[in-house]
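Asks: Input: one structure, supplied below.
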Amino acid sequence: MAGNKPFNKPQTDARDRDPQVAGIKVPPHSIEAEQSVLGGLMLDNERWDDVAERVVAEDFYTRPHRHIFTEMGRLQESGSPIDLITLAESLERQGQLDSVGGFAYLAELSKNTPSAANISAYADIVRERAVVRDMIAVAHEIADAGYDPQGRNSDELLDLAESRVFQIAENRANKDEGPKSIDQILDATVARIEQLFQQPHDGVTGVDTGYQDLNKKTAGLQRSDLIIVAARPSMGKTTFAMNLCENAAMLQDKPVLIFSLEMPGEQIMMRMLASLSRVDQTRIRTGQLDDEDWARISGTMGILLEKRNMYIDDSSGLTPTEVRSRARRIFREHGGLSLIMIDYLQLMRVPSLSDNRTLEIAEISRSLKALAKELQVPVVALSQLNRSLEQRADKRPVNSDLRESGSIEQDADLIMFIYRDEVYHENSDLKGIAEIIIGKQRNGPIGTVRLTFNGQWSRFDNYAGPQYDDE
């Protein structure tokens, strides 16, 4: 309690009076903490910002307290003081003074709160109880949906359940964010610089791509970045992304998580064995292997089993919520992840937005960026390109060629396109050469990096040919 004298309880809404509800279970709340927040604000208007960062009107359990807090917000926005007189007058104008307990209850709030010193702690209690009530409400909503699915199948019900629970978590996370003082940010920045200084001076500050020239351009795949890899069919975007995953799995301590929405896990593993063993993938796929092939594959399998540093989820039609929950689970189990890869973005779905593809892709893109930021892990997402580029003389992709490009281009920190001239020109002088075109890099240069493409091994390698213009 904020003071020694107990508060009189104001007029409450139906949920407070219903004897059936009272006889079963009362949702978690703290009337005392709510009263102390409201009373503290009348004592010290300067604490409004501290409280408003922690709670909103809907976080208060009783309707009178929600009305009082809302009216305090109006007074604050208008530049008026928040005290007993101004608050009572404002509530009277809204026709709500009697419903909140009248002038007498407001006077009690002010009188029985001796200090605003602990108002932030009281606000945290109010917020905490509100989150638990939200969880209870969502649990009831999920149960109701289970009893009355209204034509939805179990997958759709699971998506509803996960999305509603995630919404609570996301709202909570947003409340925990906000402006930080420059000394906090500076301390974290200096700590990061010191960490980088202690590392080998190879210019790689993120996850090593395994490609020297690409590392020079990007300094590696940076934590919290959303990285888009895009190409037209047959350019090798899945191969390139898998090579990034293989290199990360070999070089990093934490595991790599792959969501393969298009290709079964067995096919992914065949490609990986071909790449790491340098055995023709056609021979692996058909089983036409000689003793040397088997020896190479066995050696690769031994390394993979020893490191056990990769997870593959080949579920189709995943939602952002499903991707996020599965990534979180692996993250918790291993204390982190080195890389997340999704093949490919347009195969994900958001059932509630299925009627509007543009909004659906925007939500998928936004959620993947949020995942990268939350887990502090680079997220590599493959994307399709529009067919319209096939009509151009120069078929090298640009950012506007991304299918449903607006939101993807906006959310991405790094966009890489793959272009192989031999796909379009049989007699090209650039046979076996791939261009990795960096179309966007939020914190670095754009340009082109060349790699050698060894399709028979499902592999891109460092380019060792003549110098080239990388601008």
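Using N, Cα and C of the backbone, Cβ positions are placed for all residues, glycine too.
The following feature annotations were taken from Swiss-Prot:
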| type | residues | note |
| --- | --- | --- |
| REGION | 1-22 | region 'Disordered' |
| DOMAIN | 200-467 | domain 'SF4 helicase' |
| BINDING | Ala231, Arg232, Pro233, Ser234, Met235, Gly236, Lys237, Thr238 | ATP binding site |
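A description of the local structural setting of each listed feature is requested, covering burial, neighbours and distances.
Replies: Ala231 (ATP binding site) falls outside any helix or strand according to DSSP and counts as coil.
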Asks: Take the domain 'SF4 helicase' (200-467) and average the pLDDT across it for me.
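Replies: A mean pLDDT of 88 is what the model gives the domain 'SF4 helicase' (200-467).
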Asks: Reduced to three states, what secondary structure does DSSP give Gly236 (ATP binding site)?
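Replies: It is coil.
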Asks: Going along the chain, which residues six or more apart from Ser234 (ATP binding site) have their CB under 8 A from its CB?
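Replies: Set apart from Ser234 (ATP binding site) by at least 6 residues yet with Cβ under 8 Å, we have Val423.
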Asks: Among the binding-site residues Ala231, Met235, which residue has its Cβ surrounded by the fewest other Cβ atoms within 10 Å?
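Replies: Relative to the other binding-site residues in Ala231, Met235, Met235 has the fewest Cβ atoms within 10 Å.
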Asks: Are there any residues at least 6 positions away along the chain from Gly236 (ATP binding site) with a Cβ closer than 8 Å to its Cβ? List them or say none.
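Replies: Non-local contacts for Gly236 (ATP binding site): Ile418, Arg420, Ala434, Phe453, Gly455, Phe460.
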Asks: Residues other than Ala231, Arg232, Pro233, Ser234, Met235, Gly236, Lys237, Thr238 within 8 Å, Cβ to Cβ centroid, of the ATP site?
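Replies: Surrounding the site, in chain order, are Ile418.
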Asks: Counting every protein chain present, what is the number of Cβ atoms, excluding its own, within 10 Å of the Cβ of Pro233 (ATP binding site)?
Replies: 10
